[in-house]
Amino acid sequence: MAFFVSSITTLFSLFTITCISIVTLPHCDAFPLHYNHHPLLHPHHHHPHIASHNYRDALTKSIMFFEGQRSGKLPPNQRMSWRRDSGLYDGSALHVDLVGGYYDAGDNVKFGFPMAFTITMLSWSVLEFGGLMRGELQNAREAIHWGTDYLLKATAYPNTIFVQVGDAKKDHACWERPEDMDTPRSVFKIDANNPGSEVAAETAAALAAASLVFRRSDPMYSKILARRAIKVFQFADKYRGSYSNALKPVVCPYYCSYSGYQDELLWGAAWLHKATKNPMYLNYIQVNGQILGAAEYDNTFGWDNKHVGARILLSKEFLVQKEQSLHDYKGHADNFVCSLIPGSSSAEYTPGGLLFKMSDSNMQYVTSTSFLLLAYAKYLTSSHTVVNCGGTTVTPNMLRRIAKKQVDYLLGDNPLKMSYMVGYGPRYPQRIHHRGSSLPSIAVHPGKIQCSAGFTVMNSQSPNPNILVGAIVGGPDLHDRFPDQRSDYEQSEPATYINAPLVGTLAYLAHSFGQL
């Protein structure tokens with residue numbers, strides 16, 4: 001993509017954040033100021049910076065958001081108090097228990113593919129930065145637990161995964177609270193005859209990553225998750241096929257798998273290698289890595305394409321664990337980093353400096369990319385390594401600055417001075433595309449709101465009555481514009497997979513600025 005000349009001045013500041021002298025940054029001594037003389041990477045001034053944001057507050061809210069997305073019987077310590085129990089009979093159509101889990105976004109469907117990715121990224125957030133989270137660590141674990149409890153139910157039968165609850169077409173034809181749902185709670189599954197390797201391998205990744213999260217705090221639960229992950233990955237690998245073929249009318253166009261399932265098989269194997277230390281997974285990666293697309297130049301990381309995440313994760317094995325056979329993943333990860341550097345042919349940024357990948361829910365790529373940059377910076381620092389981008393040396397702290405710049409934009413340092421996290425800062429989206437948030441709560445309006453009755457609210461200009469604290473919306477367009485219209489799902493809809501990677505990033509930033 002063409003790089004916008006108009007954004008060069010803004011991007012110049014990506015690399016000008018220096019250490020603050022008032023609080024101790026854990027990596028302050030590693031902030032080198034001897035960059036190569038690339039005009040965009042060479043800052044002229046070094047003014048001390050104090051945190052412009054309350055990252056701790058944002059961290060708390062980013063985790064609380066998941067409570068607003070819960071399906072099932074809500075626990076006594078539920079903090080998002082305007083929500084009530086919902087979907088209490090999910091699975092009964094097929095005589096299975098599928099109560100629980102998360103609604104993916106502003107609708108009332110439980111989509112297994114993005115839900116599993118959400119849990120994988122929440123788990124990775126905790127594994128990399130949970131040690132910095134202090135009081136929020138338990139809340140983050142509970143958010144993961146809520147998801148893994150459901151994924152265990154969805155994978156309870158051999159060679160079968162229940163991948164969706166709810167008829168998406170009929171659900172989207174209504175604007176109603178999850179507590180009022182009267183659309184069919186149809187259940188859809190993959191099995192040996194109708195495979196879905198991408199959703200199966202992502203589910204295996206989620207279970208494996210979460211097993212590491214609970215290894216110390218709940219060893220028995222951790223073992224259950226790891227054992228299930230192994231079985232689910234075997235199923236994903238043995239019965240290969242895309243769930244977009246088997247379940248096309250059901251999952252498309254909502255969560256069609258456009259990137260195929262090879263990326264999930266590599267990603268799933270990487271997580272199982274990390275969780276089990278069984279050499280068969282390392283062997284699987286060594287034998288299959290290239291076939292599964294390890295070196296492809298696809299630099300968009302999200303619920304559909306996991307290649308970049310797998311590269312970063314496996315580069316850690318080489319950089320930190322010194323697994324020499326994974327040497328190539330350092331190069332693959334470097335290619336991703338170089339694709340983001342201002343001035344590279346594939347990096348597109350808005351005039352205000354926001355990474356721009358696509359118009360539909362762009363903020364998910366901002367949060368996932370920022371997390372990967374911080375994780376990779378950590379691995380590079382640990383191994384005293386840098387990235388070389390065509391003669392330009394990119395240090396770990398440059399990656400940290402890019403990530404911080406993106407998060408600061410999200411939290412309000414942008415042309416509209418708008419926080420794209422609901423409930424954070426003085427100005428944030430008021431009309432998010434979210435049924436439960438936009439309709440009066442059960443406490444205020446106990447009577448049922450019928451399927452189509454809610455559309456008068458959806459189409460109105462009134463602010464949402466229920467604050468979905470911590471929800472991050474799809475975000476502004478390529479020109480930094482954000483209309484704050486409820487009907488504009490591309491820009492105004494929150495989603496679990498937008499928040500999940502940001503949890504780790506905010507923990508790192510809050511710690512760096514002495515807020516935790």
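Sequential numbering from 1, following the chain as shown.
Glycine residues also receive a Cβ, built from the backbone N, Cα and C atoms like all the rest.
Noted in TrEMBL for the protein shown:
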ACT_SITE  His433  active site
ACT_SITE  Asp484  active site
ACT_SITE  Glu493  active site
DOMAIN    55-506  domain 'Glycoside hydrolase family 9'
SIGNAL    1-30  signal peptide
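This view paints the features noted in TrEMBL onto the structure.
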{"residue": "His433", "record": "active site", "Cβ neighbours (10 Å)": "24"}
{"residue": "Asp484", "record": "active site", "Cβ neighbours (10 Å)": "17"}
{"residue": "Glu493", "record": "active site", "Cβ neighbours (10 Å)": "21"}
Express the predicted model's confidence over the domain 'Glycoside hydrolase family 9' (55-506) as a mean pLDDT, rounded to an integer.
97
Taking the Cα atoms as reference points, how far is Glu493 (active site) from His433 (active site) in Å?
5
Give me the Cα-Cα distance between Asp484 (active site) and His433 (active site), rounded to a whole Å.
9
